[in-house]
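*Asks:* Quick one: the structure is below, questions incoming.
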Amino acid sequence: MSEQANSSGIESLSNGLRERNAQTSKPIGDGEVTSQSLEDKLQIEEGDAADAEKKTFGRTPDGKVFTVPPTRDMVSQLLSPSEPKNISDIFVLAILGCHILLLWCLPSSFRIAAFAVIFLFWRASYNIGIGWLLHMQSNGRTLVCWAKKSNIFVNPSTGQNPHPTLYKMLKWELETKISEQYSFDEAPTEYNTWLVFRRVVDLILMCDFTSYCLFAIACGGRPAGESFIMLALRWTTGMSLVLFNLWVKLDAHRVVKDFAWYWGDFFYLIDQELTFDGVFEMAPHPMYSVGYAGYYGISLMAASYKVLFISILAHAAQFAFLVLVENPHIEKTYNVPPPRKRVAVDTDTKLQEDENSHEGSVVSDIANSAPVMPALQPVSMHNLLGLHNIDLYRSTDQSVLLAQLLFFALTTMTPSTPVYQFCFVLNAALWRIWYSVGIGYILNRQSNCKMWTRHFVKYGESNHEAWRQWKGTYHLSMTMTYASFIAAAWKMYSFPQDWGYGLVLLRHILGASLIALQIWTSSSIYESLGEFGWFFGDFFFDQSPKLTYSGIYRFLNNPERVLGLAGVWGAVLITSTKSLVFLALLSHTLTLAFIQLVERPHMQKLYGQSLRRDAGLVRSLKRSLPPSLKQIHGSVDKILDESFEFIEEFIEAARPKLATGVQTFVKDTSALFQKYPARVTISRLEPDLAGYDLKDYSITLEGTQPSQPAQFERASDKEGERARSMQFRRGEQENLIFEYGAPIKVKWTAPLNHSKKDWIGLYMVTDNTSREVTSVASQGRWIATNQASFDSETCEQGLISSDIVLKITREDCEPIDVASGEMVFSGDKLWWTQGVFEFRYHHNGKHNVMAVSRPFEIRIGRFDEDIVEADNYGLVRAAVEAALLPVVQNCFDRDPEIAPQTAEEHYGCLVERDGKYSKRVVFAVQHIVRADGNVRNLAWRICNAKKVLAPYSMSRSNGASTPTTEHED
């Protein structure tokens with residue numbers, strides 16, 4: 001798969017929050033942009049030009065531009081005698097001293113357990129505590145809201161700060177630390193909040209590392225019977241890993257500075273270029289991957305499995321922190337989809353229809369009316385890889401599942417005698433040979449003479465059919481290769497009798513780590529290449545996309561060359577058998593030959609000079625090598641190239657011929673989790689509601705009414721005879737029925753003295769049995785009635801107005817003044833399903849219900865086929881387009897950047913990246929969305945599907961009914 005292009009998505013700009021220096025920032029808030037623009041800030045006199053180059057300018061979410069003062073790193077601030085110390089520094093040093101004193105005071109029998117608990121506490125404070133704060137800050141700017149709500153950064157002389165002592169302490173603390181270009185009173189709230197946050201981070205990080213080192217000291221020792229050579233080797237390797245870890249941290253801090261080190265862009269952005277340098281060219285997420293090598297070096301020096309296990313646990317927790325906290329924020333901040341190109345209808349999206357030929361066959365109708373799709377590469381509608389893509393209606397998945405079940409049965413039901421072991425090893429070797437040599441030959445012939453595609457074209461099939469068949473062949477071959485290897489490893493493996501004997505436990509740990517490394521590498525390769533690149537799509541479609549190096553390919557040209565086979569060698573470590581060593585050597589040799597003889601020539605032919613010679617890791621290593629070693633490296637490359645050329649000539653002369661198959665199984669059950677997390681009782685009640693009259697509270701709704709057929713579906717022919725007519729209603733109010741996904745405006749009233757922390761939530765009517773207390777979580781479907789009342793900005797999204805005095809007349813004809821307001825529920829604050837719902841007005845941030853709206857129904861209307869002529873394809877398609885367009889717009893939150901304005905307009909890029917949008921449309925329309933690209937293609941797919949199914953339709957108007965047997969005389 002080498003350096004193949006990524007066929008889908010946009011190259012991610014960063015690999016971790018701490019891995020980037022800065023990014024040209026954009027205001028992401030809704031507040032007013034300050035009139036002092038960045039350009040005005042940069043207009044400095046010529047005499048100050050030298051100083052201006054050193055300045056960094058930050059931008060808050062509301063657009064305010066400020067100068068970011070230079071700051072010192074954590075270790076220098078705390079440990080350097082030349083740095084001024086303040087109360088927080090002394091406090092941190094005192095805590096560290098208490099840790100060291102505790103190690104000296106505790107008896108040896110309690111040290112290990114005590115420091116294990118202490119380290120786990122600080123690690124949880126890091127990954128869970130800091131992670132939660134950053135998550136809340138990223139999604140709702142919670143930390144900044146806390147600061148603004150408490151007014152701790154406001155000068156007490158204004159009379160708005162109720163904490164003057166805290167203000168003075170913070171001002172002295174921060175101005176002592178940052179003496180240049182910084183004013184506590186003039187700095188934005190976001191920057192001051194970040195400075196306070198980083199002091200908390202300093203405490204947690206220093207205590208985390210110190211407690212880990214003390215735990216290693218408590219566990220450290222020398223194994224019985226260890227030789228001096230082994231002792232020296234263990235300490236040399238351990239110290240090397242620690243020094244490497246130290247270099248990684250220092251080089252990373254050199255690149256990203258304090259801004260990214262302390263997650264600065266959760267608070268504000270800085271206007272600088274994005275840079276990747278040094279350690280960031282070597283590995284993805286270096287702070288969290290190779291940056292933890294020192295943990296394993298310390299484990300090696302301590303010679304303790306306890307230290308090793310707790311190191312693995314800490315490392316895993318750090319990766320969870322990366323995946324759950326940093327990566328979502330990076331995607332949201334730095335990888336925003338580009339705006340959709342708004343183009344007029346072109347020939348690529350027009351329907352080639354011939355209404356006069358509609359009387360012909362269904363096949364010809366479909367061919368003539370299909371949208372002309374671009375032939376650059378196939379649109380991936382039904383992926384193969386991944387458990388969530390398993391489709392038991394697909395022959396490929398059926399074949400793979402049956403083959404895996406057969407392998408599992410043979411492996412578990414046969415004895416592990418030498419004869420069976422030999423058969424399983426031979427089977428694994430044959431599958432590996434086929435996977436590399438056979439598949440390699442097919443790809444080589446496809447590259448040179450389009451052999452695979454020509455075969456299918458010869459029998460009247462298209463190149464897309466050849467591509468689908470190839471994917472099945474490769475997929476089955478790959479799964480059978482790894483299944484046979486796993487079966488052979490299982491047959492050769494014997495369960496250890498004594499886990500403490502020798503290096504048995506260490507071998508299993510290292511083996512499992514290598515297997516996990518291969519799984520991660522494979523998933524990273526697939527994430528970078530997509531389905532098109534994974535199955536060597538550029539061998540089948542010449543119009544390949546531009547070559548890009550994203551994801552893992554930023555660091556390695558061919559990650560499968562070494563890391564892609566790490567799991568094979570992990571199995572060798574676990575089993576410790578010569579047979580597995582043979583299979584591993586065979587696999588590695590054939591993989592290298594495949595890359596050199598099949599992939600590399602095709603890539604050079606296809607991409608030519610645009611191919612990168614050295615990846616980021618190689619460039620970094622070459623820069624650090626002396627000239628003599630660089631010459632040796634060049635000589636080795638020359639020898640390898642000549643050897644592979646000889647092998648290539650030999651294989652070209654032999655031309656072996658081999659054949660094919662298919663893979664996968666499982667079903668996605670995530671739909672269950674969409675419904676049941678709300679079934680948790682979380683009620684918080686206000687004990688004193690005296691002084692509030694429930695008659696003053698009210699909720700009224702405004703929304704988009706659905707199409708007329710949706711309102712009359714209840715009175716259909718499937719009901720009883722007396723229920724087929726419209727219901728007679730006493731009174732003026734009609735049933736509230738709103739469109740699926742359409743925004744709903746909520747108007748509320750409340751007493752003038754109502755709490756500023758009141759809020760309105762959206763619920764299913766059946767969720768709450770009580771009308772006085774809400775007993776289930778709103779799951780984010782709520783809006784505050786007043787601004788700045790909660791520690792999050794997401795709860796204010798949709799708020800239009802608050803506390804507008806309105807005079808109303810009660811039922812007892814008494815006129816009174818009440819507070820009123822409006823809000824709009826849309827997007828993620830709506831339920832994306834059908835049902836009956838209600839809004840509830842809650843008091844003072846609790847779950848006491850003060851008012852409940854009228855129940856309303858969300859309904860998806862059925863398309864009325866009787867309003868158009870069934871035989872007129874053009875009219876049917878146009879009617880389907882008109883019916884689909886508003887549904888799709890609602891599902892895309894009516895966002896002009898992603899929602900189409902016409903049937904021909906393509907969806908925005910965010911639809912492909914965030915699956916919730918396509919799932920909404922699939923629920924409403926029950927047809928594939930993402931691959932269609934626009935409403936016109938979706939309508940075409942529906943219309944032609946109806947043509948194919950017309951002979952089986954139960955509707956007399958639109959197709960023949962189910963055939964019945966007639967008795968003839």
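Cβ atoms are placed via backbone N, Cα and C, with glycine included.
Given the structure is predicted, the values throughout are model-derived calculations rather than measurements.
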*Asks:* Identify whether GLY58 and ALA224 belong to the same side of the membrane as annotated by Swiss-Prot.
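*Replies:* The record shows them split across the membrane, with topological domain names that differ.
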*Asks:* For the feature transmembrane segment as recorded in Swiss-Prot, pick the matching range from 565-585, 922-942.
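*Replies:* Going through 565-585, 922-942 one by one, Swiss-Prot flags 565-585 as transmembrane segment.
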*Asks:* Can you work out which residues elsewhere in the same chain, 6+ from the ends of the transmembrane segment (90-110), have a Cβ less than 8 Å from its Cβ atoms?
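*Replies:* That would be 78, 118, 202-203, 206-207, 210-211, 214, 217-218.
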*Asks:* Taking residues 6+ outside the transmembrane segment (499-519), which of them lie with a CB under 8 Å of any CB in it?
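*Replies:* Long-range Cβ neighbours of the transmembrane segment (499-519): 305, 308, 312, 563-574, 576.
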*Asks:* Relative to the transmembrane segment (422-442), which of 228-248, 282-302, 305-325, 565-585 accounts for the most Cβ pairs at distances under 8 Å?
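*Replies:* Maximum Cβ contact count belongs to 565-585.
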*Asks:* What stretch in 282-302, 305-325, 474-493, 565-585 has the biggest tally of Cβ pairs under 8 Å against the transmembrane segment (228-248)?
*Replies:* 282-302
*Asks:* Which bits of the chain, at least 6 residues beyond where the transmembrane segment (305-325) starts or stops, bring a Cβ under 8 A of a Cβ in it?
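*Replies:* Long-range Cβ neighbours of the transmembrane segment (305-325): 16, 112, 116, 119-120, 123-124, 126-127, 130-131, 134-135, 138, 212, 215-216, 219-220, 285, 288, 292, 295-296, 298-299, 505-506, 509.
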*Asks:* For the topological domain 'Lumenal' (249-281), jot down how many residues DSSP puts in helix, in strand and in coil.
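*Replies:* Secondary-structure breakdown of the topological domain 'Lumenal' (249-281): 20 helix, 2 strand, 11 coil.
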*Asks:* Give the one range among 282-302, 400-420, 474-493 whose Cβ atoms make the most pairs under 8 Å with those of the transmembrane segment (565-585).
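*Replies:* When the Cβ pairs under 8 Å are tallied, 474-493 comes out ahead.
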*Asks:* So, by DSSP, how many helix, strand and coil residues make up the topological domain 'Cytoplasmic' (494-498)?
*Replies:* 0 helix, 0 strand, 5 coil
